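This report concerns only the one structure given below.
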Amino acid sequence: MLNTTQKSLLVFMGVFFLIFGVDQAIKHAILEGFHYESLVIDIVLVFNKGVAFSLLSFLEGGLKYLQILLILGLFIFLMRQKELFKSHAIEFGMVFGAGVSNVLDRFVHGGVVDYVYYHYGFDFAIFNFADVMIDVGVGVLLLRQFFFKQKQNKIKGIITLFK
C-alpha cells in the first residue's frame, strides 16, 4: 500500500510526463513546419534565447544551466516540504513538466521553441504550451494556497467558538 507521499509523487510524475509529452509533441509539429495565420493568433516558429519576454537572453548558453539549478533546487526544497508537495502535486507537476520541457529545448535547439503569437489589438510576446502550463500551475497553486488556507482558518475559528 502506498503512503500519501508516494501517491503524491505518482500524481506529480503523471502530470509531469503528460505536460512534458504534450509540449514536446506540439513543438515537434511546429518544428516540422506546421503554421497557422489569422487575424487574432498566428502559429509561427521562434527560438527564444531568453526567458519570459526574452529577458536574460544575454546569458546565452549559461541560462540553461541556471534554470537546471533552479529546477533542482526547487525540487529538493519540495521534497523537504512534504505537506506543501502533497497538497499541490498536480500544480508542481505542471510547472516542472513545462519547465523541464523548455530547458530541454535550450539544449536541443539552442533556445526555447515558442510559437503562439497573439496580435489582436496589440502585439503580445510569443509563447508556447509550456509557458501557459507554468502560468496555470502557479496561478492555481497560489489561489488554492491563499483561499484554502483562509477558508480553513475560518472553519477552525468557528469550531473553536463552539467548543
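Backbone N, Cα and C atoms are what each Cβ position is placed from, and that goes for glycine too.
As the structure is a computational prediction, the values presented were derived from the model and not from experiment.
Taken from Swiss-Prot as is:
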- Asp114: active site (ACT_SITE)
- Asp131: active site (ACT_SITE)
- 10-30: transmembrane segment (TRANSMEM)
- 36-56: transmembrane segment (TRANSMEM)
- 58-78: transmembrane segment (TRANSMEM)
- 84-104: transmembrane segment (TRANSMEM)
- 122-142: transmembrane segment (TRANSMEM)
For Asp131 (active site), the three-state class that DSSP assigns: helix
Alpha-carbon distance [Asp114 (active site); Asp131 (active site)] in Å: 9
Contacting positions for the transmembrane segment (58-78) when only residues 6+ beyond its ends and CB under 8 Å are counted: 49-51, 84-85, 92, 96, 99-100, 102-103, 106-107
Outside the transmembrane segment (10-30), six or more residues from its ends: residues with CB under 8 Å to it: 2, 43, 45, 85, 89-90, 92-94, 96-98, 100-102, 104-105, 113, 115, 128-130, 133
Chain residues outside the transmembrane segment (84-104) and at least six past its termini with a C-beta under 8 angstroms from it: 4-5, 8-9, 11-20, 23-24, 27, 64, 67-68, 71, 74-75, 78, 112, 128-131, 133-134, 136-138, 140-141, 144-145
Asp114 (active site), number of other Cβ atoms within 10 Å: 23
